[in-house]
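This report refers to the structure that appears directly beneath it.
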Amino acid sequence: MSRLATLAPHAVDFAFHEPARPAWAAPENAPDAPADDGAHLFAGLPPLYAGHPDVHLRRGIMQAAQRAAEHVPDAEQAFFVADLAEVYRQHQRWRAALPDVQPFYAVKCNPDPYIIRLLAALGAGFDCASNNEISTVLGAGPISPTNIIFANPCKALSFIRAAARARVDTCTFDNADELAKLARAHPRARAVLRILTDDSKSLCAFGVKFGAPLSAVPALLARAKALGVNVVGVSFHVGSGCYDPAVYTDALARARAAFALGAAAGFTFDLLDLGGGFESASFAHAARVIRAGLERYFPEREREGVRVIAEPGRYYVATAFKLAACVIARRAPAESAPVFAPASSPASLPPAAPARDAQAPMIAPAVPPAPAPSGSPSAGVGVGGTVAKALRLAAGALTRRAPTKEKEGRDKQHGAEVPAAPPPPAVGAATAGEGDAAPEVMYYINDGVYGAFNCILFDHQHITPYVLSLGGSFHVPSSPSSQNTPTQNTTLTRASVWGPTCDSIDLVCPSTALPSSLRVGDWLGFENMGAYTRCAASMFNGFEVSRVVYTAGGAGAGEVRGVLGGWAAREGEGAGEDKM
(Lines of atoms letter the chains of each structure in order from A; the text may use other names.)
(Lines give C-alpha, C1' and ligand atoms only; values in the text may rest on other atoms or scores of the structure.)
Protein backbone atom coordinates (compact mmCIF):
# COMPACT_ATOMS: atom_id res chain seq x y z
CA MET A 1 0.00 0.00 0.00
CA SER A 2 1.29 3.43 -0.91
CA ARG A 3 2.07 6.03 1.72
CA LEU A 4 -0.82 8.13 0.44
CA ALA A 5 -3.28 5.31 1.01
CA THR A 6 -2.33 5.23 4.68
CA LEU A 7 -3.39 8.87 4.97
CA ALA A 8 -7.03 7.98 4.34
CA PRO A 9 -9.22 9.21 7.19
CA HIS A 10 -10.57 6.48 9.43
CA ALA A 11 -13.18 8.43 11.39
CA VAL A 12 -14.93 11.00 9.25
CA ASP A 13 -18.38 12.30 10.11
CA PHE A 14 -20.08 11.59 6.77
CA ALA A 15 -23.11 9.87 8.35
CA PHE A 16 -25.57 12.69 8.85
CA HIS A 17 -28.62 12.07 11.01
CA GLU A 18 -30.96 14.90 10.04
CA PRO A 19 -33.68 13.84 7.58
CA ALA A 20 -33.10 16.67 5.11
CA ARG A 21 -29.74 17.19 3.40
CA PRO A 22 -28.67 20.16 1.30
CA ALA A 23 -27.28 19.87 -2.20
CA TRP A 24 -23.78 20.76 -1.04
CA ALA A 25 -23.48 18.01 1.57
CA ALA A 26 -21.30 14.96 0.95
CA PRO A 27 -22.97 11.57 0.32
CA GLU A 28 -24.27 9.75 3.36
CA ASN A 29 -22.40 6.83 4.90
CA ALA A 30 -19.26 7.24 2.83
CA PRO A 31 -17.02 4.36 3.87
CA ASP A 32 -13.60 4.88 5.34
CA ALA A 33 -11.86 1.63 4.41
CA PRO A 34 -8.49 2.32 2.77
CA ALA A 35 -8.19 1.56 -0.93
CA ASP A 36 -5.83 -0.97 -2.47
CA ASP A 37 -3.18 -0.17 -5.07
CA GLY A 38 -5.14 -1.56 -8.00
CA ALA A 39 -4.90 -4.45 -10.43
CA HIS A 40 -3.50 -3.97 -13.93
CA LEU A 41 -5.83 -6.18 -15.97
CA PHE A 42 -5.40 -4.71 -19.46
CA ALA A 43 -2.27 -3.45 -21.17
CA GLY A 44 -2.39 0.28 -21.70
CA LEU A 45 -5.33 0.87 -19.33
CA PRO A 46 -5.24 2.33 -15.81
CA PRO A 47 -5.48 -0.08 -12.87
CA LEU A 48 -8.78 -1.23 -11.41
CA TYR A 49 -9.05 -0.50 -7.69
CA ALA A 50 -11.20 -2.09 -5.04
CA GLY A 51 -13.30 -0.05 -2.65
CA HIS A 52 -16.17 2.40 -2.57
CA PRO A 53 -15.87 5.31 -5.04
CA ASP A 54 -16.04 7.88 -2.22
CA VAL A 55 -12.84 6.41 -0.78
CA HIS A 56 -11.13 7.08 -4.09
CA LEU A 57 -12.52 10.59 -4.31
CA ARG A 58 -10.81 11.40 -1.01
CA ARG A 59 -7.69 9.52 -1.96
CA GLY A 60 -7.42 11.49 -5.20
CA ILE A 61 -7.83 14.76 -3.30
CA MET A 62 -5.05 13.80 -0.87
CA GLN A 63 -2.78 12.88 -3.77
CA ALA A 64 -3.50 16.26 -5.34
CA ALA A 65 -2.58 17.97 -2.06
CA GLN A 66 0.75 16.17 -1.93
CA ARG A 67 1.51 17.00 -5.58
CA ALA A 68 0.65 20.63 -4.90
CA ALA A 69 3.02 20.64 -1.92
CA GLU A 70 5.72 19.32 -4.27
CA HIS A 71 4.90 22.07 -6.80
CA VAL A 72 3.84 19.58 -9.49
CA PRO A 73 2.20 21.41 -12.42
CA ASP A 74 -1.58 20.98 -12.64
CA ALA A 75 -1.49 19.14 -9.33
CA GLU A 76 -5.15 19.79 -8.58
CA GLN A 77 -6.54 18.48 -11.88
CA ALA A 78 -10.20 17.41 -11.74
CA PHE A 79 -10.86 13.68 -11.99
CA PHE A 80 -13.65 11.15 -12.39
CA VAL A 81 -14.17 8.08 -10.25
CA ALA A 82 -15.96 5.28 -12.11
CA ASP A 83 -17.63 2.50 -10.12
CA LEU A 84 -17.79 -0.50 -12.46
CA ALA A 85 -19.84 -2.38 -9.88
CA GLU A 86 -22.64 0.12 -10.49
CA VAL A 87 -22.58 -0.79 -14.19
CA TYR A 88 -22.77 -4.45 -13.21
CA ARG A 89 -25.72 -3.76 -10.89
CA GLN A 90 -27.54 -1.92 -13.66
CA HIS A 91 -26.99 -4.88 -15.98
CA GLN A 92 -28.42 -7.29 -13.43
CA ARG A 93 -31.37 -4.96 -12.99
CA TRP A 94 -31.93 -4.95 -16.76
CA ARG A 95 -31.82 -8.72 -16.98
CA ALA A 96 -34.36 -9.06 -14.18
CA ALA A 97 -36.79 -6.51 -15.66
CA LEU A 98 -36.40 -7.25 -19.40
CA PRO A 99 -34.99 -10.80 -19.65
CA ASP A 100 -36.10 -11.17 -23.29
CA VAL A 101 -34.53 -7.90 -24.48
CA GLN A 102 -30.79 -7.99 -25.21
CA PRO A 103 -29.10 -4.66 -24.43
CA PHE A 104 -26.88 -3.19 -27.15
CA TYR A 105 -24.91 -0.54 -25.28
CA ALA A 106 -24.94 2.89 -26.98
CA VAL A 107 -21.19 3.48 -27.33
CA LYS A 108 -21.70 7.16 -28.13
CA CYS A 109 -22.83 7.79 -24.55
CA ASN A 110 -19.48 6.85 -23.02
CA PRO A 111 -16.95 4.86 -25.10
CA ASP A 112 -14.91 4.00 -22.02
CA PRO A 113 -12.65 0.96 -22.58
CA TYR A 114 -13.49 -0.59 -19.21
CA ILE A 115 -17.23 -0.14 -19.75
CA ILE A 116 -17.07 -1.78 -23.18
CA ARG A 117 -15.07 -4.74 -21.89
CA LEU A 118 -17.30 -5.27 -18.87
CA LEU A 119 -20.53 -5.17 -20.85
CA ALA A 120 -19.09 -7.42 -23.55
CA ALA A 121 -18.09 -9.94 -20.90
CA LEU A 122 -21.63 -9.75 -19.49
CA GLY A 123 -23.15 -10.60 -22.87
CA ALA A 124 -24.28 -7.19 -24.10
CA GLY A 125 -24.12 -6.09 -27.71
CA PHE A 126 -23.16 -2.65 -28.98
CA ASP A 127 -24.88 0.19 -30.82
CA CYS A 128 -22.27 2.01 -32.91
CA ALA A 129 -22.68 5.19 -34.94
CA SER A 130 -19.36 5.43 -36.81
CA ASN A 131 -16.32 3.52 -38.03
CA ASN A 132 -14.31 4.64 -35.02
CA GLU A 133 -16.91 3.29 -32.61
CA ILE A 134 -16.97 -0.03 -34.46
CA SER A 135 -13.15 -0.20 -34.32
CA THR A 136 -13.19 0.66 -30.61
CA VAL A 137 -15.59 -2.19 -29.87
CA LEU A 138 -13.87 -4.76 -32.06
CA GLY A 139 -10.53 -3.76 -30.53
CA ALA A 140 -11.75 -4.48 -27.00
CA GLY A 141 -11.44 -8.24 -27.20
CA PRO A 142 -13.21 -11.20 -28.78
CA ILE A 143 -16.44 -9.41 -29.70
CA SER A 144 -18.42 -10.83 -32.62
CA PRO A 145 -19.47 -8.38 -35.36
CA THR A 146 -22.93 -9.95 -35.10
CA ASN A 147 -23.20 -8.28 -31.69
CA ILE A 148 -22.91 -4.82 -33.26
CA ILE A 149 -25.67 -2.79 -34.88
CA PHE A 150 -24.56 0.14 -37.03
CA ALA A 151 -27.42 2.30 -35.76
CA ASN A 152 -26.92 5.42 -37.86
CA PRO A 153 -29.58 5.76 -40.57
CA CYS A 154 -27.50 8.18 -42.68
CA LYS A 155 -23.94 6.93 -43.21
CA ALA A 156 -21.10 7.90 -45.51
CA LEU A 157 -20.54 5.42 -48.33
CA SER A 158 -17.00 4.79 -47.08
CA PHE A 159 -18.38 3.94 -43.64
CA ILE A 160 -20.70 1.35 -45.17
CA ARG A 161 -17.79 -0.22 -47.05
CA ALA A 162 -15.72 -0.35 -43.85
CA ALA A 163 -18.60 -1.98 -41.98
CA ALA A 164 -18.85 -4.60 -44.72
CA ARG A 165 -15.13 -5.35 -44.41
CA ALA A 166 -15.54 -5.70 -40.64
CA ARG A 167 -18.54 -8.01 -41.24
CA VAL A 168 -20.84 -5.71 -39.32
CA ASP A 169 -23.95 -6.54 -41.32
CA THR A 170 -26.83 -5.17 -39.23
CA CYS A 171 -27.42 -1.49 -39.95
CA THR A 172 -30.29 0.95 -39.96
CA PHE A 173 -31.82 3.08 -42.73
CA ASP A 174 -34.78 5.44 -43.10
CA ASN A 175 -34.56 6.69 -46.69
CA ALA A 176 -34.23 5.49 -50.28
CA ASP A 177 -30.74 6.89 -50.84
CA GLU A 178 -29.42 4.84 -47.92
CA LEU A 179 -30.88 1.72 -49.54
CA ALA A 180 -29.01 2.53 -52.75
CA LYS A 181 -25.75 2.90 -50.83
CA LEU A 182 -26.30 -0.42 -49.04
CA ALA A 183 -27.03 -2.18 -52.33
CA ARG A 184 -23.83 -0.77 -53.79
CA ALA A 185 -21.37 -1.14 -50.90
CA HIS A 186 -22.79 -3.82 -48.60
CA PRO A 187 -24.95 -6.31 -50.53
CA ARG A 188 -25.14 -8.78 -47.65
CA ALA A 189 -26.35 -6.12 -45.19
CA ARG A 190 -29.19 -6.92 -42.82
CA ALA A 191 -31.07 -3.64 -43.10
CA VAL A 192 -33.27 -2.42 -40.25
CA LEU A 193 -35.93 0.19 -41.02
CA ARG A 194 -36.01 3.03 -38.51
CA ILE A 195 -39.53 4.39 -38.15
CA LEU A 196 -40.72 7.69 -36.73
CA THR A 197 -42.29 7.56 -33.27
CA ASP A 198 -43.40 9.99 -30.60
CA ASP A 199 -40.22 11.41 -29.05
CA SER A 200 -41.81 14.56 -27.65
CA LYS A 201 -41.43 13.27 -24.07
CA SER A 202 -37.63 13.29 -24.09
CA LEU A 203 -34.77 15.68 -23.40
CA CYS A 204 -33.19 15.06 -26.81
CA ALA A 205 -35.77 14.45 -29.54
CA PHE A 206 -34.44 12.88 -32.75
CA GLY A 207 -37.58 12.71 -34.92
CA VAL A 208 -36.75 15.97 -36.66
CA LYS A 209 -33.65 14.26 -38.09
CA PHE A 210 -34.30 10.50 -38.25
CA GLY A 211 -37.16 8.06 -38.75
CA ALA A 212 -39.52 7.22 -41.62
CA PRO A 213 -43.23 7.87 -41.00
CA LEU A 214 -45.48 4.86 -41.52
CA SER A 215 -46.90 6.49 -44.65
CA ALA A 216 -43.45 6.23 -46.30
CA VAL A 217 -42.78 2.61 -45.32
CA PRO A 218 -44.49 0.82 -48.27
CA ALA A 219 -42.49 2.78 -50.85
CA LEU A 220 -39.22 2.22 -48.97
CA LEU A 221 -39.83 -1.53 -48.74
CA ALA A 222 -40.70 -1.69 -52.44
CA ARG A 223 -37.46 0.14 -53.23
CA ALA A 224 -35.49 -2.27 -51.04
CA LYS A 225 -37.04 -5.24 -52.82
CA ALA A 226 -36.15 -3.76 -56.20
CA LEU A 227 -32.54 -3.17 -55.13
CA GLY A 228 -32.16 -6.60 -53.54
CA VAL A 229 -31.55 -5.21 -50.04
CA ASN A 230 -32.59 -7.62 -47.30
CA VAL A 231 -34.72 -5.74 -44.76
CA VAL A 232 -34.84 -7.82 -41.58
CA GLY A 233 -36.58 -5.69 -39.00
CA VAL A 234 -37.71 -2.42 -37.48
CA SER A 235 -36.12 0.03 -35.07
CA PHE A 236 -37.33 3.18 -33.35
CA HIS A 237 -36.07 5.69 -30.79
CA VAL A 238 -38.32 7.55 -28.35
CA GLY A 239 -35.59 10.13 -27.69
CA SER A 240 -32.66 10.35 -25.32
CA GLY A 241 -33.62 10.96 -21.71
CA CYS A 242 -37.24 9.87 -22.12
CA TYR A 243 -39.26 11.05 -19.12
CA ASP A 244 -42.62 9.45 -20.06
CA PRO A 245 -42.26 5.69 -20.68
CA ALA A 246 -45.88 5.52 -21.88
CA VAL A 247 -44.61 6.49 -25.35
CA TYR A 248 -43.21 2.96 -25.75
CA THR A 249 -46.78 1.67 -26.15
CA ASP A 250 -47.36 3.92 -29.15
CA ALA A 251 -43.92 3.03 -30.57
CA LEU A 252 -44.59 -0.71 -30.32
CA ALA A 253 -47.97 -0.27 -32.02
CA ARG A 254 -46.24 1.50 -34.92
CA ALA A 255 -43.57 -1.19 -35.05
CA ARG A 256 -46.28 -3.88 -35.30
CA ALA A 257 -47.83 -1.99 -38.22
CA ALA A 258 -44.42 -1.81 -39.90
CA PHE A 259 -43.98 -5.57 -39.43
CA ALA A 260 -47.30 -6.11 -41.21
CA LEU A 261 -46.20 -3.86 -44.07
CA GLY A 262 -42.95 -5.83 -44.29
CA ALA A 263 -44.80 -9.11 -44.63
CA ALA A 264 -47.02 -7.61 -47.33
CA ALA A 265 -43.88 -6.55 -49.23
CA GLY A 266 -42.44 -10.07 -49.07
CA PHE A 267 -39.93 -9.64 -46.24
CA THR A 268 -39.55 -11.83 -43.15
CA PHE A 269 -38.67 -9.59 -40.23
CA ASP A 270 -36.73 -11.19 -37.37
CA LEU A 271 -35.45 -8.14 -35.42
CA LEU A 272 -37.17 -5.51 -33.29
CA ASP A 273 -34.94 -2.74 -31.92
CA LEU A 274 -36.50 -0.69 -29.12
CA GLY A 275 -33.82 2.01 -29.36
CA GLY A 276 -32.57 3.99 -26.38
CA GLY A 277 -33.77 6.75 -24.11
CA PHE A 278 -33.73 4.69 -20.91
CA GLU A 279 -33.28 6.55 -17.63
CA SER A 280 -32.29 4.75 -14.44
CA ALA A 281 -34.91 6.58 -12.38
CA SER A 282 -37.81 5.64 -14.67
CA PHE A 283 -36.51 2.27 -15.85
CA ALA A 284 -38.82 0.12 -13.72
CA HIS A 285 -41.84 1.94 -15.15
CA ALA A 286 -40.47 1.74 -18.70
CA ALA A 287 -39.82 -1.99 -18.34
CA ARG A 288 -43.42 -2.59 -17.25
CA VAL A 289 -44.75 -0.62 -20.21
CA ILE A 290 -42.45 -2.46 -22.63
CA ARG A 291 -43.35 -5.90 -21.29
CA ALA A 292 -47.05 -5.10 -21.62
CA GLY A 293 -46.55 -3.66 -25.11
CA LEU A 294 -44.59 -6.68 -26.31
CA GLU A 295 -47.30 -9.03 -25.04
CA ARG A 296 -49.97 -6.94 -26.73
CA TYR A 297 -48.34 -6.32 -30.11
CA PHE A 298 -45.78 -9.16 -30.39
CA PRO A 299 -47.30 -12.05 -28.42
CA GLU A 300 -45.92 -14.67 -30.85
CA ARG A 301 -42.44 -13.20 -31.12
CA GLU A 302 -40.68 -16.37 -29.97
CA ARG A 303 -42.63 -18.59 -32.36
CA GLU A 304 -42.03 -16.08 -35.15
CA GLY A 305 -38.30 -15.99 -34.36
CA VAL A 306 -38.24 -12.27 -33.61
CA ARG A 307 -35.21 -11.14 -31.61
CA VAL A 308 -35.79 -8.07 -29.44
CA ILE A 309 -32.92 -5.71 -28.62
CA ALA A 310 -32.57 -2.20 -27.19
CA GLU A 311 -29.88 0.50 -27.10
CA PRO A 312 -29.46 1.72 -23.50
CA GLY A 313 -26.62 4.15 -22.89
CA ARG A 314 -27.05 6.60 -20.01
CA TYR A 315 -29.01 3.91 -18.14
CA TYR A 316 -25.76 1.98 -17.64
CA VAL A 317 -23.23 4.71 -16.97
CA ALA A 318 -24.83 7.93 -15.71
CA THR A 319 -24.85 6.95 -12.04
CA ALA A 320 -21.54 5.06 -12.24
CA PHE A 321 -19.32 8.15 -12.58
CA LYS A 322 -18.62 10.96 -10.12
CA LEU A 323 -16.44 14.01 -10.70
CA ALA A 324 -14.22 15.82 -8.22
CA ALA A 325 -13.21 19.38 -9.10
CA CYS A 326 -11.02 21.81 -7.19
CA VAL A 327 -12.02 25.37 -6.38
CA ILE A 328 -9.25 27.27 -8.14
CA ALA A 329 -10.57 30.81 -7.68
CA ARG A 330 -13.19 32.76 -5.80
CA ARG A 331 -14.78 36.15 -6.38
CA ALA A 332 -16.87 37.82 -3.72
CA PRO A 333 -17.23 41.42 -4.92
CA ALA A 334 -19.43 42.45 -2.01
CA GLU A 335 -16.86 41.37 0.57
CA SER A 336 -14.36 43.81 1.98
CA ALA A 337 -11.69 41.24 1.15
CA PRO A 338 -9.47 40.35 -1.80
CA VAL A 339 -9.89 36.93 -3.31
CA PHE A 340 -6.42 35.53 -2.78
CA ALA A 341 -4.03 34.98 0.06
CA PRO A 342 -0.67 33.15 -0.09
CA ALA A 343 -1.18 29.39 -0.31
CA SER A 344 0.12 27.21 2.46
CA SER A 345 1.36 23.66 2.39
CA PRO A 346 -0.97 21.01 3.87
CA ALA A 347 1.36 20.54 6.82
CA SER A 348 1.35 24.24 7.75
CA LEU A 349 -2.41 24.67 7.83
CA PRO A 350 -3.99 25.34 11.22
CA PRO A 351 -6.33 22.66 12.52
CA ALA A 352 -9.96 22.85 11.44
CA ALA A 353 -12.76 23.50 13.89
CA PRO A 354 -13.55 20.41 15.97
CA ALA A 355 -16.16 18.16 14.39
CA ARG A 356 -19.19 16.82 16.17
CA ASP A 357 -17.61 13.37 16.29
CA ALA A 358 -14.11 13.00 14.87
CA GLN A 359 -12.09 15.35 12.75
CA ALA A 360 -10.39 14.25 9.52
CA PRO A 361 -6.83 15.39 8.80
CA MET A 362 -6.12 18.47 6.74
CA ILE A 363 -5.93 17.73 3.06
CA ALA A 364 -5.57 20.83 0.92
CA PRO A 365 -4.34 24.40 1.18
CA ALA A 366 -7.67 26.21 1.44
CA VAL A 367 -7.06 29.93 1.00
CA PRO A 368 -8.64 32.18 3.66
CA PRO A 369 -9.91 35.65 2.85
CA ALA A 370 -7.96 38.78 3.76
CA PRO A 371 -9.04 42.44 4.03
CA ALA A 372 -9.60 44.25 0.75
CA PRO A 373 -8.72 47.86 0.15
CA SER A 374 -11.64 50.21 0.63
CA GLY A 375 -12.91 51.79 -2.54
CA SER A 376 -11.97 48.71 -4.53
CA PRO A 377 -13.14 48.71 -8.16
CA SER A 378 -15.22 45.67 -7.28
CA ALA A 379 -17.19 47.54 -4.64
CA GLY A 380 -20.88 47.47 -5.32
CA VAL A 381 -20.53 44.73 -7.93
CA GLY A 382 -22.66 42.28 -6.03
CA VAL A 383 -26.35 41.57 -6.25
CA GLY A 384 -27.84 43.28 -9.27
CA GLY A 385 -24.42 44.34 -10.58
CA THR A 386 -21.81 42.80 -12.86
CA VAL A 387 -22.21 39.31 -11.41
CA ALA A 388 -25.94 39.28 -12.05
CA LYS A 389 -25.39 40.61 -15.57
CA ALA A 390 -22.85 37.88 -16.34
CA LEU A 391 -25.24 35.27 -15.03
CA ARG A 392 -28.01 36.53 -17.28
CA LEU A 393 -25.75 36.43 -20.33
CA ALA A 394 -24.46 32.94 -19.62
CA ALA A 395 -27.86 31.55 -18.68
CA GLY A 396 -29.31 32.93 -21.89
CA ALA A 397 -26.59 31.24 -23.92
CA LEU A 398 -27.20 27.94 -22.15
CA THR A 399 -30.99 27.89 -22.47
CA ARG A 400 -31.92 24.91 -24.60
CA ARG A 401 -34.52 24.70 -27.30
CA ALA A 402 -37.71 23.16 -26.01
CA PRO A 403 -38.78 19.90 -27.65
CA THR A 404 -41.77 21.77 -29.06
CA LYS A 405 -39.45 23.55 -31.50
CA GLU A 406 -38.06 20.25 -32.76
CA LYS A 407 -41.61 18.91 -32.88
CA GLU A 408 -42.73 21.81 -35.07
CA GLY A 409 -40.02 20.97 -37.59
CA ARG A 410 -41.01 17.32 -37.62
CA ASP A 411 -44.70 18.19 -38.11
CA LYS A 412 -43.87 20.26 -41.17
CA GLN A 413 -41.74 17.44 -42.60
CA HIS A 414 -43.87 14.38 -41.86
CA GLY A 415 -47.29 15.61 -40.75
CA ALA A 416 -48.52 16.02 -37.19
CA GLU A 417 -48.52 12.43 -35.94
CA VAL A 418 -47.96 12.93 -32.22
CA PRO A 419 -48.85 15.61 -29.67
CA ALA A 420 -46.31 18.23 -28.69
CA ALA A 421 -44.64 18.05 -25.29
CA PRO A 422 -44.78 20.90 -22.81
CA PRO A 423 -41.53 22.88 -22.66
CA PRO A 424 -39.17 21.63 -19.93
CA PRO A 425 -37.48 23.96 -17.46
CA ALA A 426 -34.57 26.00 -18.76
CA VAL A 427 -31.08 24.64 -18.40
CA GLY A 428 -29.40 25.92 -15.28
CA ALA A 429 -32.67 26.94 -13.67
CA ALA A 430 -32.39 27.46 -9.94
CA THR A 431 -33.56 24.59 -7.80
CA ALA A 432 -36.82 24.81 -5.90
CA GLY A 433 -36.75 27.32 -3.11
CA GLU A 434 -33.74 29.22 -4.43
CA GLY A 435 -35.76 32.16 -5.67
CA ASP A 436 -34.34 34.89 -7.87
CA ALA A 437 -31.60 36.14 -5.57
CA ALA A 438 -28.34 36.76 -7.39
CA PRO A 439 -25.28 34.84 -6.14
CA GLU A 440 -23.12 36.57 -3.56
CA VAL A 441 -20.01 34.51 -4.36
CA MET A 442 -18.57 33.21 -7.64
CA TYR A 443 -16.52 30.02 -7.45
CA TYR A 444 -14.28 28.82 -10.29
CA ILE A 445 -13.45 25.12 -10.65
CA ASN A 446 -11.03 23.31 -12.92
CA ASP A 447 -13.57 21.67 -15.24
CA GLY A 448 -16.37 23.32 -17.15
CA VAL A 449 -18.75 23.26 -20.11
CA TYR A 450 -15.89 22.79 -22.58
CA GLY A 451 -14.91 19.70 -20.58
CA ALA A 452 -17.00 17.27 -18.56
CA PHE A 453 -19.88 19.71 -18.14
CA ASN A 454 -20.57 19.90 -21.86
CA CYS A 455 -23.59 17.82 -20.82
CA ILE A 456 -25.18 21.12 -19.79
CA LEU A 457 -25.04 22.34 -23.38
CA PHE A 458 -25.53 19.12 -25.33
CA ASP A 459 -27.49 16.86 -22.98
CA HIS A 460 -29.65 19.44 -21.17
CA GLN A 461 -28.47 18.47 -17.70
CA HIS A 462 -28.94 20.49 -14.52
CA ILE A 463 -25.81 20.31 -12.36
CA THR A 464 -25.74 20.60 -8.57
CA PRO A 465 -22.46 20.42 -6.61
CA TYR A 466 -21.84 19.03 -3.14
CA VAL A 467 -18.87 19.65 -0.88
CA LEU A 468 -16.08 17.07 -0.74
CA SER A 469 -13.72 19.11 1.41
CA LEU A 470 -14.29 22.23 3.45
CA GLY A 471 -11.69 24.50 4.96
CA GLY A 472 -8.97 22.04 4.00
CA SER A 473 -10.67 19.13 5.78
CA PHE A 474 -12.73 16.16 4.70
CA HIS A 475 -15.08 16.92 7.55
CA VAL A 476 -18.29 18.45 6.23
CA PRO A 477 -20.49 19.88 9.00
CA SER A 478 -23.87 18.46 9.91
CA SER A 479 -26.56 19.20 7.38
CA PRO A 480 -29.00 22.02 8.09
CA SER A 481 -32.72 21.39 8.15
CA SER A 482 -32.99 23.20 4.83
CA GLN A 483 -30.64 24.68 2.25
CA ASN A 484 -31.14 28.20 3.56
CA THR A 485 -30.83 27.50 7.28
CA PRO A 486 -27.33 27.64 8.82
CA THR A 487 -26.15 25.33 11.57
CA GLN A 488 -23.89 26.07 14.51
CA ASN A 489 -20.98 24.86 12.36
CA THR A 490 -21.55 26.69 9.10
CA THR A 491 -23.65 29.21 7.23
CA LEU A 492 -24.75 28.98 3.63
CA THR A 493 -24.47 31.57 0.93
CA ARG A 494 -25.92 31.88 -2.54
CA ALA A 495 -23.19 31.02 -5.04
CA SER A 496 -22.55 30.41 -8.72
CA VAL A 497 -20.02 27.88 -10.04
CA TRP A 498 -17.97 28.58 -13.17
CA GLY A 499 -15.53 26.61 -15.31
CA PRO A 500 -11.86 27.50 -15.86
CA THR A 501 -11.88 28.82 -19.43
CA CYS A 502 -11.85 32.42 -20.60
CA ASP A 503 -15.34 32.13 -22.10
CA SER A 504 -18.26 33.66 -20.19
CA ILE A 505 -20.53 30.85 -21.36
CA ASP A 506 -18.52 28.51 -19.12
CA LEU A 507 -21.14 28.47 -16.36
CA VAL A 508 -21.62 25.18 -14.51
CA CYS A 509 -24.25 26.17 -11.94
CA PRO A 510 -25.94 29.59 -11.98
CA SER A 511 -27.23 29.48 -8.42
CA THR A 512 -26.85 27.09 -5.52
CA ALA A 513 -26.35 27.13 -1.75
CA LEU A 514 -22.78 26.49 -0.59
CA PRO A 515 -21.01 26.97 2.76
CA SER A 516 -19.69 30.48 3.22
CA SER A 517 -16.43 28.95 4.47
CA LEU A 518 -15.71 27.28 1.09
CA ARG A 519 -12.36 28.58 -0.15
CA VAL A 520 -9.75 28.15 -2.87
CA GLY A 521 -8.21 24.70 -2.50
CA ASP A 522 -11.44 23.04 -1.38
CA TRP A 523 -13.12 20.44 -3.58
CA LEU A 524 -16.63 20.03 -4.96
CA GLY A 525 -18.21 16.77 -6.06
CA PHE A 526 -20.71 16.08 -8.83
CA GLU A 527 -22.77 12.92 -9.16
CA ASN A 528 -24.36 11.26 -12.22
CA MET A 529 -21.49 12.28 -14.50
CA GLY A 530 -21.15 9.15 -16.64
CA ALA A 531 -23.34 9.97 -19.64
CA TYR A 532 -22.39 12.36 -22.44
CA THR A 533 -19.65 14.06 -20.43
CA ARG A 534 -16.08 12.97 -21.06
CA CYS A 535 -16.89 11.65 -24.55
CA ALA A 536 -17.63 15.17 -25.84
CA ALA A 537 -15.03 17.06 -23.78
CA SER A 538 -12.53 19.28 -25.57
CA MET A 539 -9.19 20.85 -24.71
CA PHE A 540 -10.34 24.40 -25.33
CA ASN A 541 -7.94 26.96 -23.84
CA GLY A 542 -5.48 24.09 -23.33
CA PHE A 543 -7.28 22.52 -20.38
CA GLU A 544 -6.83 18.76 -20.15
CA VAL A 545 -9.76 16.35 -20.24
CA SER A 546 -10.28 15.03 -16.71
CA ARG A 547 -8.83 11.58 -16.11
CA VAL A 548 -10.71 8.55 -14.76
CA VAL A 549 -9.97 6.45 -11.66
CA TYR A 550 -11.59 3.01 -11.89
CA THR A 551 -12.92 1.08 -8.94
CA ALA A 552 -15.47 -1.59 -8.06
CA GLY A 553 -17.16 -1.33 -4.68
CA GLY A 554 -20.23 -2.63 -2.94
CA ALA A 555 -22.54 -5.34 -4.26
CA GLY A 556 -21.17 -7.01 -7.36
CA ALA A 557 -17.58 -5.81 -6.90
CA GLY A 558 -16.19 -9.34 -6.71
CA GLU A 559 -18.17 -10.40 -9.77
CA VAL A 560 -16.80 -7.43 -11.72
CA ARG A 561 -13.20 -8.34 -10.95
CA GLY A 562 -13.85 -11.97 -11.84
CA VAL A 563 -15.61 -11.17 -15.10
CA LEU A 564 -12.96 -8.67 -16.19
CA GLY A 565 -10.16 -11.04 -15.22
CA GLY A 566 -11.67 -13.69 -17.46
CA TRP A 567 -12.14 -11.21 -20.27
CA ALA A 568 -8.52 -10.06 -19.98
CA ALA A 569 -7.39 -13.65 -20.46
CA ARG A 570 -9.57 -14.04 -23.56
CA GLU A 571 -8.41 -10.68 -24.92
CA GLY A 572 -4.80 -11.78 -24.50
CA GLU A 573 -5.47 -14.99 -26.40
CA GLY A 574 -6.88 -13.03 -29.33
CA ALA A 575 -4.22 -10.30 -29.39
CA GLY A 576 -2.85 -9.42 -32.77
CA GLU A 577 -5.97 -10.22 -34.81
CA ASP A 578 -6.93 -7.70 -37.48
CA LYS A 579 -10.36 -6.48 -36.47
CA MET A 580 -11.21 -3.86 -39.08
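Glycine too: its Cβ is placed from the backbone N, Cα and C atoms.
For reference, TrEMBL has these:
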- C502: active site, proton donor (ACT_SITE)
- 84-318: domain 'Orn/DAP/Arg decarboxylase 2 N-terminal' (DOMAIN)
- 440-530: domain 'Orn/DAP/Arg decarboxylase 2 C-terminal' (DOMAIN)
- K108: N6-(pyridoxal phosphate)lysine (MOD_RES)
- 397-432: region 'Disordered' (REGION)
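When Cβ atoms from all protein chains are considered, those within 10 Å of K108 (N6-(pyridoxal phosphate)lysine) total 21, not counting its own. Sequence-distant neighbours of C502 (active site, proton donor) (same chain, 6+ apart, CB under 8 A from its CB) are N541. Counting residues of the domain 'Orn/DAP/Arg decarboxylase 2 C-terminal' (440-530) by DSSP class, helix then strand then coil, yields 7 helix, 30 strand, 54 coil.
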